């Protein structure tokens, strides 16, 4: 019998965390911004069909960075959790807080018990009747959960993007302003091509994925479901709009 | 080994909310409940029943309308019940039969469609929706055999073909596409007679609303389980239209005017039958 090498729990967790961080850092960033019209979710994503942003429930949306298959399975699990809960209790009993804590538990369980941790970072956003009542939760690969105010930036260049967003963010932003701010943040790369453009360059509408949670979806569109995915022409129009 | 994992993943991947419940939470399904056979034989259950639903095609879409009465034996159980519901943005659903189970089935069907849309990122085709509803009604067959039947009527706008379509069902989940108009429920024979005289191809939307309300009026005239327009309580049928722009509930004020005109015309005629 060969003896197994002893690895201290501290070292084991540290190695896992480093592994997950590396995986996430390779990906492109996602920005979630709470503003006056609701919550805007903006991702740099050239694929028109493999989404990083998704609808979970009436007022709740999901955004993720990292490995597609891993966050997609988490998104589907979230939709199932929300639909079962809404069906067995009532639609208003589905909250971002409940969903985020389920995500935190599953991410935590995978981080400690499975062969390899999930290389993902998630945001769960719930739009409220006023900007103060919006909920933004950030979840990391180890199951930590943070309640954020205003905006969340995740992914590879999170710190740099975050600095740009923090500078320009105001609660009075409209959707157009929030989406423009987010794309400005996403293009603020060290990439010289992006730097050349004025205010950090611009992303073409095809390279970004944008979805919003409308604060007033019941009155403006007659739908309880606040989530709306914007198509390329909507995005172009928003980006071209004046402040 | 790898193949079995792949098979497992594929087997577990479902976009159906009902399948998910069947696997994980069967207790939440409205059917799948074993009922003691002897109890059903002893006394027929006294539960509210929902009655007449009419549906028809018109120029550019389909329309569905239901009266507001639920009965329990010879008693009126409710004057406010709604039997026509939006299923999703492009389809509506009307229910006749055991009210409690029908309303639960409707709720399940609504979640089923929304769940598919969220998981897959696209809407289910109209045929797909009609088939899912058929499967749910078939799931309720054991209950139907014990007297708790649900018979739906389903209408929607087929966004691919660009036409409104109408589907009827039997208790075994059999699905039948209807071309012009259809009715279900105890007052359906009378409503159907009225529709045969009032309906014609390519009605305008406003005319179709009027035809639907008048056929429900005729059903209420002869069927005690169907409620007519109620000017005292200001209760009118529930009417939905579905066209290219989606499903729309006809506002109360419009229905009050339509019902008012019909009542007026009938009073002026002073006919007995």
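Using the three backbone atoms N, Cα and C, a Cβ is placed for every residue, glycine included.
According to TrEMBL, the active site, nucleophile annotation covers B:51. Taking a C-beta cut-off of under 8 Å and a sequence gap of six or more, residue B:51 (active site, nucleophile) has these contacts in its own chain: B:67, B:69, B:70, B:71, B:83, B:96, B:185, B:186, B:187, B:219, B:223, B:225, B:226.
According to TrEMBL, the feature compositional bias 'Polar residues' maps to B:1-19.
Counting residue by residue with DSSP, the region 'Disordered' (B:1-21) contains 16 helix, 0 strand, 5 coil. For B:1-21, the entry in TrEMBL reads region 'Disordered'.
Sequence-distant contacts of the compositional bias 'Polar residues' (B:1-19) (same chain, six or more residues past either end, CB-CB distance under 8 Å): 29, 108, 111-112, 115-116, 119-120, 132, 135-136, 139.
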